[in-house]
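Everything below concerns the one structure shown next.
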Amino acid sequence: MSASESIAQGMNPAQREAVLYLDGPCLVLAGAGSGKTRVITQKIAYLLRECGYMGRNVVALTFTNKAAREMDERVKTLVDRKLSKGLIISTFHSLGVKMLREEARNAGLKPTFSILDADDAMSIIQELLATTDKGRLRHVQGIISLWKNALMEPDDAAREAITPGDVEAANIYRSYAATLAAYQAVDFDDLIRIPALLLSSNEEVRTRWQNRVRYLLVDEYQDTNVCQYRLVQLLTGSRAMFTAVGDDDQAIYAWRGATIENLAKLTTDYPSIKLIKLEQNYRSVQRILAAANQVIEKNPKLFEKKLWSDLGVGEPILVSAMDGEEQEAESIAMKVSASRFERQAQWKDFAILYRSNHQSRILEQALRNLKIPYTISGGQSFFDKAEVRDVLAYLRLLANDDDDPAFIRAATTPKRGIGQTTLQALGQYAASREISLLAAVAETGLESQLAPRQLDPLRTFAEFIRRMQWRAGRGAASGKDAAPAEPAGVILDDLVEAIQYERHLFELFEERPAQTRWQNVLELTGWLKRKAEEDNMTLFDLVQHVALVTMLERGEEDEPDAVKMSTLHASKGLEYPHVYLAGVEEGLLPHLGKDDEDGDPARAAENLATRIQEERRLMYVGITRAQRSLNLSWCKRRRRAREDLVREPSRFIEEMGLGDVRVQEDEATAAMNPKERMAMLKALLKK
DNA sequence: CAGCTATTCGTTTTT
DNA sequence: CGAATAGCTG
């Protein structure tokens, strides 16, 4: 057996071809469950083990940290440590940070630039827009993000803006960009945009990176936006040594700028590209796959492909019409419980999927009532929690004086006598002198602007920050005489202690919530300390690293035996033996927001069609998560805000073509009162 | 300035 | 129904 054969053993011909093809660019159209991760990991192994590629010359990009980590782990089992040294498997955003950190000077940033999260960005836009209209704010933030992802500068945006609203948004975009520059900060979109711009404008940088990235692999290619496509192009250059893996039927991120056209564009930009289709599904039973295929058939297709499976027919797919959302939740919880018992399965074999986050609350409650262990993925990230952001604000400020949003957050939490009016005066002064808030505090000119009782807390705060910066070795970083940098862990502990954050939490919240919040803080500092030691990172390295990491990346904690709850978006790439899809209703699963404001009916109709197609793909993703059994449910009535709404089953249920079993009234459970239900469940569990 | 109460308000999906 | 915000009092 030759070496290359040994790498690709146990793979089907298409998979093997995808792994071994190295004559040029390669596009792998990988249907759901067709083993695309396997192809990518095997290909990395092949490159490193058989083709003499050095670890540092291979880059694999994903969209989520979780996917990156998973891939990394799988590669580690295939390839010797020595060979994979320097190998980059990361998200687009992490690669962007890495590039930005190494090329900060070329990008006009200081090495300790800050990364703003969506909330910080939103407050900046709010200031610039001078409005409290939430809808308007979201719209403007969204459109700026889309512009950035389409590689449009403020000038381009202004030129293309038609409505007065868009013209205003373009102006905000301009000042927003200026504000970020003043803060020495970048937002999430910039993490990819700026490296792409840098590569295209600076030949020296471009050559350096092209020499470094000898082979590039991109996962979930259908979710790339214009900016990411550009980055891929610039990194691979004319050599074009890359493999893109994607599935147009699973494109569910158009709303954040992803364009499926990128898949088609690949075949026109690289006419010689090798097209390989992965059509055998190794995940789902035939009935499930058939339903998925029937649904997605209603969408216009970019590439013809037919998924098939030889895993047997499987059980019927069940659809339940429920009266209301609490019945639905209860019914799902009971079915999961009963099914686990009947099948002698584990909790972690079950997943409950839903369209939007707020559905999770009631489901959670139902699971708790039946003492069913669960974990939620998607939803609020660990790093979005207020207490975590509070502590991180201090770290950001330590690293970057110019990070005004961090200054404001740190200076006001915990409360230390610095309030709105003080900050406003300080802000005005800083703006007139064109310096950061932190720098402004030290100026003597400020004394005429503020009363001592306002000034004192500011000075105390700034001194505290300066002292911490010094201890963290800031002097050395900025080239001044060296301060002995203390370990990041020690500084971190001292800082949290010094601001009396624990006391702050217990004053602000009840005993129990305060405790969980404090636990979160301890978890954060613990994680940071570990990271600092393991990877020998300074406090400043940590701050930038942390900005991108989601809770899914922390710790190697092995998965507990628990039911998974997840949004459909967050479920992509995962698989479960038994899947429950909740809220499969018109208005929820095809979630169709309000109609477009601008009055062109033709465009509005087209828009609607596009949106339904994306919702359909979402449904497709949901169905194809299931390996063996699939349960759908919808509510005839759903309470929203004040009113009760009558709901219709989702059109996608019809489209699945389930025939007679299509709608099963769930009389058995719906007719019972809660007491009876509990009794029935207990009897079931006793058996 | 900070903490409390009254009122408004709203609802997709996330790196 | 529940959470974020505005407005008032100590």
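A Cβ is built for glycine as well, from the same backbone N, Cα and C atoms used for every other residue.
According to TrEMBL, the ATP binding site annotation covers A:Ala30, A:Gly31, A:Ala32, A:Gly33, A:Ser34, A:Gly35, A:Lys36, A:Thr37, A:Arg283. A simple way to gauge crowding: the CB of A:Lys36 (ATP binding site) has 22 other CB atoms within 10 angstroms, across all the protein chains here. Following the DSSP three-state reduction, the secondary structure of A:Lys36 (ATP binding site) is helix.
The domain 'UvrD-like helicase ATP-binding' annotation in TrEMBL covers A:9-285.
If you look up TrEMBL, you'll see A:286-573 marked as domain 'UvrD-like helicase C-terminal'.
On the 0 to 100 pLDDT scale, the model's mean across the domain 'UvrD-like helicase ATP-binding' (A:9-285) is 90. Taken over all pairs of the listed ATP-binding residues (A:Ala30, A:Gly31, A:Ala32, A:Gly33, A:Ser34, A:Gly35, A:Lys36, A:Thr37, A:Arg283), the Cα spread reaches a maximum of 13 Å, rounded to the nearest whole number. Within 8 Å of the Cβ centroid of the ATP site, not counting the listed residues A:Ala30, A:Gly31, A:Ala32, A:Gly33, A:Ser34, A:Gly35, A:Lys36, A:Thr37, A:Arg283, the chain contributes A:Asp247, A:Leu278, A:Asn281, A:Tyr282.
The number of other CB atoms found within 10 A of the CB of A:Ser34 (ATP binding site), across every protein chain shown, is 27. It is A:Ala32, among the binding-site residues A:Ala30, A:Ala32, whose Cβ has the fewest other Cβ atoms within 10 Å in the structure shown.
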